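> Input: one structure, supplied below.
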Ligand code: UDP
């Protein structure tokens with residue numbers, strides 16, 4: 001697996017680390033459990049990182065030196081792709097020919113590396129985009145910076161070169177075909193999973209105690225990378241609107257924002273705190289740094305609902321994890337979120353980002369315990385349909401198909417040459 005710009009060893013929820021890191025780590029571990037050895041190539045960001053790290057039995061992370069030992073912005077990474085590719089090819093050259101059977105690249109930067117390695121090694125390239133620049137640019141938050149043309153062109157090249165493309169949802173599969181000219185037969189929609197052993201329903205009381213939250217609080221939570229695209233500001237505006245309509249809630253309302261700055265959010269890391277002050281809800285909003293898995297479980301269980309107000313979301317793992325913990329989700333009706341959340345069944349989908357509409361949706365769940373309980377039970381059931389085991393089953397099927405097609409094409413070329 002190639003994961004150039006972010007490592008599965010990083011804590012997700014800030015900077016470049018998010019759902020893709022979880023995806024790579026979980027599918028690699030699931031593959032290893034089935035006897036498929038996985039090596040994940042990622043860029044070294046510190047001189048302390050050993051060249052090889054065992055993430056789990058059968059999963060090795062290879063730190064490739066490409067550029068300085070420090071985090072680089074995404075705009076700086078394309079210039080390091082040549083060095084990274086060279087590191088990948090050199091690592092392979094230490095082995096006997098045919099060491100790797102297949103390459104799975106994650107995000108377009110890795111796709112650029114994968115396409116060259118594929119040609120050198122004669123193995124198929126499977127690519128997952130995770131997010132697409134054209135889709136993101138069509139749904140930007142007000143004032144947010146669009147993704148650059150370099151990325152759009154790079155993605156188009158990877159789509160044209162990859163043997164198979166994996167999309168998170170049928171909507172994303174269609175976007176690859178309609179916006180990027182992918183061959184429909186090369187695109188497979190495979191839903192991501194959720195760790196159903198970690199994310200389970202549990203005692204809200206104990207989780208509130210663990211987080212130091214009052215038992216009678218109305219808790220609205222957001223978890224993820226803090227950036228305009230993820231729209232945590234929509235939740236804050238909606239909470240302020242809710243308090244305007246229901247001022248008696250003020251002593252009990254808690255808006256929990258979990259995560260760290262990321263993307264264009266890095267330019268104004270204090271913006272959300274300033275917004276809370278200017279909306280007059282500073283006392284209601286609590287910020288927590290990115291939380292590792294077990295602590296995140298407490299956040300989900302403690303919350304009356306989890307909000308996912310993103311302007312775009314290829315899928316939205318947070319929505320699935322919250323539901324697996326028995327917490328209904330209020331999500332924007334965009335991208336993959338209508339797959340992750342079933343409107344009126346496991347949560348609510350809001351068609352706009354307006355404060356009034358969001359405030360109504362929050363109130364409809366958080367202030368109606370009977371409705372909340374009903375959706376909470378459905379949420380657990382809905383989340384159970386997804387698992388990393390199922391995701392990995394589908395990926396391994398795709399790998400097998402890609403390998404067969406690749407070998408057939410190779411045989412055909414050899415016959416023609418003879
Ligand atoms: N996450 C985490 N700690 C946090 C916040 C988020 O571990 O404090 C993880 C979360 O469990 C989820 C991922 O980060 O698996 C975010 O994935 P999602 O698909 O929701 O968003 P993305 O980061 O891919 O945009």
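From the backbone N, Cα and C atoms, a Cβ is placed for every residue, glycine too.
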> Have a look through 264, 327 and flag the one TrEMBL assigns to the Mg(2+) site that 300, 301, 303 belong to.
327
> Look at the 1D-myo-inositol 3-phosphate binding annotation in TrEMBL, where 5, 16, 17, 18, 19, 20, 21, 107, 131, 151 are given, and name the residue from 62, 74, 198 listed for that site too.
74
> Which of these ranges is annotated region 'Disordered' in TrEMBL: 1-20, 41-60?
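From TrEMBL, the annotated region 'Disordered' range turns out to be 1-20.
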> Quick one: DSSP breakdown of the region 'Disordered' (1-20) into helix, strand and coil?
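Going through the region 'Disordered' (1-20) residue by residue, I get 2 helix, 3 strand, 15 coil.
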> State, in Å as a whole number, the widest CA to CA span among the UDP-N-acetyl-alpha-D-glucosamine-binding residues 11, 12, 19, 225, 230, 291, 313, 321 given in the record.
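Pairwise Cα check on 11, 12, 19, 225, 230, 291, 313, 321 gives a maximum of 21 Å.
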> For the binding-site residues 107, 225, 303, 327, which residues place their CB under 6 A from an atom of ligand 1?
225
> Anything within 10 Å of residue 21 (1D-myo-inositol 3-phosphate binding site)? Look among the binding-site residues 11, 12, 301, 313, 321, comparing CA atoms, and list what you find.
11, 12
> Measuring Cα to Cα, how many angstrom lie between residue 230 (UDP-N-acetyl-alpha-D-glucosamine binding site) and residue 19 (1D-myo-inositol 3-phosphate binding site)?
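Distance (Cα to Cα, whole Å): 13 Å.
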